[in-house]
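A.B. asks: Before I ask anything, let me first share the structure, which is written out below as structure tokens.
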Amino acid sequence: MKSFLFAGIVVVLTVAAVDTLRCIQCNSLKDSCVAKNATECPSNATTSCTSFSTNFYHGEHPTWYEDHACSEENCSNTTVESFTVSVSENETFHFESQCCLGEPCNQTSNTTASPHQVGSGNMECPACYGNNETSCNETRKCYGERCVSIIAEFTNETKTLVLKGCSNVSISTCESLGAGNQTFRGVTFRKFECGDNFSTTTPLATTDTGSQASFTPLALASILLLSLLL
């Protein structure tokens, strides 16, 4: 009888060990993520691993940010989202995220944003970033699939970030974030609009799909961008 009981305990412990999720867990604002090893996830976040990164290219000095974590999000399979917002010839933002179900994500690509071509592009978009819409009204000709206009507010902060530019962001991302008033890790997006060839942003039709953690890097990046404005 004792042998059966011992065998049952071994089976339970083996299953528990197999089910334990290990993810890379770090935030580059707090500590280095370089060569970071995966560690066991807390009991309240054992479904997926997530990886978020962004860089801001301004001249020859890119600013890099990344965040890796455990998550309860069921992303159904490994998903990767990335897009770029070009503000000027020398100012470009690149955003990238991964959600990996039941396994660690690959390290983010460390892609450095580079400036989009300007001058004879087939798009004309508002392109700037600032603390409010009145301080953000420049336009530029550029290459890209669509124009974007983003307004983000920050919990426990009085600052608002306005970001506009040319972007290769997908329609699905526009629709996911375009419902408005979506909050991600202390950042509320009051507006995320996409359109084509306009000087006054007109939103694409959107559907309310709720908060999606796979797009969180944009929120995290916005915190980084806010620090650039202070």
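The backbone N, Cα and C atoms fix where each Cβ goes, glycine too.
Straight out of Swiss-Prot:
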type	residues	note
SIGNAL	1-20	signal peptide
CARBOHYD	Asn37	N-linked glycosylation site
CARBOHYD	Asn44	N-linked glycosylation site
CARBOHYD	Asn74	N-linked glycosylation site
CARBOHYD	Asn77	N-linked glycosylation site
CARBOHYD	Asn90	N-linked glycosylation site
CARBOHYD	Asn106	N-linked glycosylation site
CARBOHYD	Asn110	N-linked glycosylation site
DOMAIN	125-172	domain 'UPAR/Ly6'
CARBOHYD	Asn132	N-linked glycosylation site
CARBOHYD	Asn137	N-linked glycosylation site
CARBOHYD	Asn156	N-linked glycosylation site
CARBOHYD	Asn168	N-linked glycosylation site
CARBOHYD	Asn197	N-linked glycosylation site
LIPID	Ser211	GPI-anchor amidated serine
A.B. asks: Including all protein chains displayed, how many Cβ atoms other than that of Asn44 (N-linked glycosylation site) lie within 10 Å of its Cβ?
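C.D. replies: Result for Asn44 (N-linked glycosylation site): 7 neighbouring Cβ atoms inside 10 Å.
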A.B. asks: Measuring CB to CB from Asn37 (N-linked glycosylation site), give everything in the same chain under 8 Å that is also at least six residues away in sequence.
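C.D. replies: Looking at Cβ-Cβ distances below 8 Å from Asn37 (N-linked glycosylation site), excluding near sequence neighbours, one finds Ile24.
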A.B. asks: Near the Cβ of Asn106 (N-linked glycosylation site), how many other Cβ atoms are there if near means within 10 Å?
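C.D. replies: The answer is 13 other Cβ atoms.
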A.B. asks: Report, in whole Å, the straight Cα-to-Cα distance of Asn106 (N-linked glycosylation site) from Asn137 (N-linked glycosylation site).
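C.D. replies: Given the Cα positions, Asn137 (N-linked glycosylation site) is 39 Å from Asn106 (N-linked glycosylation site).
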A.B. asks: What does the structure give for the C-alpha distance between Asn106 (N-linked glycosylation site) and Asn168 (N-linked glycosylation site)? Integer Å is fine.
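C.D. replies: Between the alpha carbons of Asn106 (N-linked glycosylation site) and Asn168 (N-linked glycosylation site) there are 23 Å.
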A.B. asks: Take the Cβ of Asn137 (N-linked glycosylation site) and count every other Cβ within 10 Å, whichever protein chain it belongs to.
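C.D. replies: Its Cβ has 13 other Cβ atoms within 10 Å.
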A.B. asks: In whole Å, how far is Asn132 (N-linked glycosylation site) from Asn90 (N-linked glycosylation site) when you measure between their Cα atoms?
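C.D. replies: For Asn90 (N-linked glycosylation site) versus Asn132 (N-linked glycosylation site), the Cα atoms are 21 Å apart.
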A.B. asks: Name the residues of the same chain, 6+ apart in sequence, whose Cβ is under 8 Å from the Cβ of Asn132 (N-linked glycosylation site)?
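C.D. replies: Asn132 (N-linked glycosylation site) has long-range Cβ partners Thr160, Val162.
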